Structures are given as structure tokens and as C-alpha cells.
Amino acid sequence: MELEALRSIYEGDLCFRELSPVSFQYRIGESGDPKAFLIEVSWPETYPQTAPVISMDAFFNNTISSAIKQSILDKLMVEVEANLGTAMTYTLFEYAKDNKELFMENQPVNTVTSVSNSIAIGTPDVPASKKKDKKEQLSKTQKRKLADKTDNKGELPRGWNWVDVIKQGEKMTEVLKR
């Protein structure tokens with residue numbers, strides 16, 4: 001029943017993701033928020049009489065320090081203990097959303113800025129409008145080969161690279177036989 005409730009509550013919510021019928025992820029915070037984190041909750045066979053497995057090992061959480069992750073998990077486990085015996089996944093997600101700032105208050109905000117340092121040696125600054133882009137020049141032979149491969153519209157015919165695919169498949173079969 002909790003599964004149906006979660007599906008109906010979070011239908012259309014981009015933060016919620018059902019990994020399997022017993023495993024769910026919820027992103028706390030907006031996508032660009034440096035203090036956003038992802039919680040994964042999995043239900044064991046005896047859930048809700050036993051505690052769900054709560055994880056923050058997702059790649060999304062790589063920027064969060066392990067101490068902060070452990071602190072969040074500890075606070076969520078206190079909430080789990082208080083709700084043991086009842087359906088609590090929704091409660092855990094909402095608790096995390098309500099306490100996001102408290103959870104992440106000690107997390108340093110790392111802003112990534114890119115600085116490009118370029119040094120030109122012996123090249124005067126010329127405005128882009130005065131520079132002329134050189135096109136790659138093809139020889140007559142290269143042009144002729146290209147014209148022979150393409151149709152009158154300049155497109156390659158269907159299946160022109162199939163031989164390469166077949167050769168690659170043969171190589172893979174030889175490797176697998178070894």
C-alpha cells in the first residue's frame with residue numbers, strides 16, 4: 001500500500017525516482033543547489049517492522065563530506081526509530097526536505113569557476129572579423145573518391161559502413177573463442 005501511495009504522491013515529481021518496487025531515491029534540493037543531496041531508501045523483506053536501508057552512496061553526493069553524510073544518516077535513523085512499525089518512506093523524505101538547511105549547515109559551498117589564462121607570444125591581437133577561416137582543401141583525388149562514395153545529394157548510401165561492423169563482430173567472436 002505504501003508503494004501505491006508513494007507513486008501517487010510523487011507522480012510527476014522530478015526529485016523522486018523509483019529504482020525498483022522496494023528501492024527509492026529522492027533528491028533534496030534543486031539540481032543546481034550546491035547543498036542538494038540524494039537519499040536512497042530500500043525496504044528489506046520485513047519492512048516496516050524493521051528499519052529500511054538508507055544510503056547516501058549515490059554519485060550525486062560525491063561533493064558532500066563523509067562526516068556530513070554520516071550526520072544526515074544518524075538524524076534519519078533517529079526518525080526511523082520513532083516511526084518503526086509504520087510506513088515511513090514518505091515521512092523520511094519530508095523530514096529530510098524540512099531539515100535540509102540544518103543537515104547541510106556545516107557543508108562548505110564549493111563554487112567552481114573557470115579562469116582562462118592565455119598568453120600570446122608574437123601574435124598581435126586581430127579582431128575576429130578580419131581573420132579569415134581557412135577551409136580544408138581536398139586534392140582532386142580525394143574529391144573524386146568522395147564523389148564516388150556519395151549520391152547526387154552528397155549523402156552516403158545506406159549500409160556504407162556495414163563491412164566495418166561485420167569485421168568488428170568477427171574480431172569479437174575470435175576473442176570470445178579464446
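One is the number of the first residue shown, and numbering goes on along the chain from there.
Cβ atoms here come from the backbone N, Cα and C positions, even for glycine.
As recorded in TrEMBL, the features of this protein are as follows:
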type     : residues : note
DOMAIN   : 1-103    : domain 'RWD'
REGION   : 123-157  : region 'Disordered'
COMPBIAS : 128-138  : compositional bias 'Basic and acidic residues'
COMPBIAS : 145-156  : compositional bias 'Basic and acidic residues'
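Taking the domain 'RWD' (1-103) as a whole, pLDDT averages 86 in the prediction. Here the domain 'RWD' (1-103) is broken down by DSSP into helix, strand and coil counts: 43 helix, 20 strand, 40 coil.
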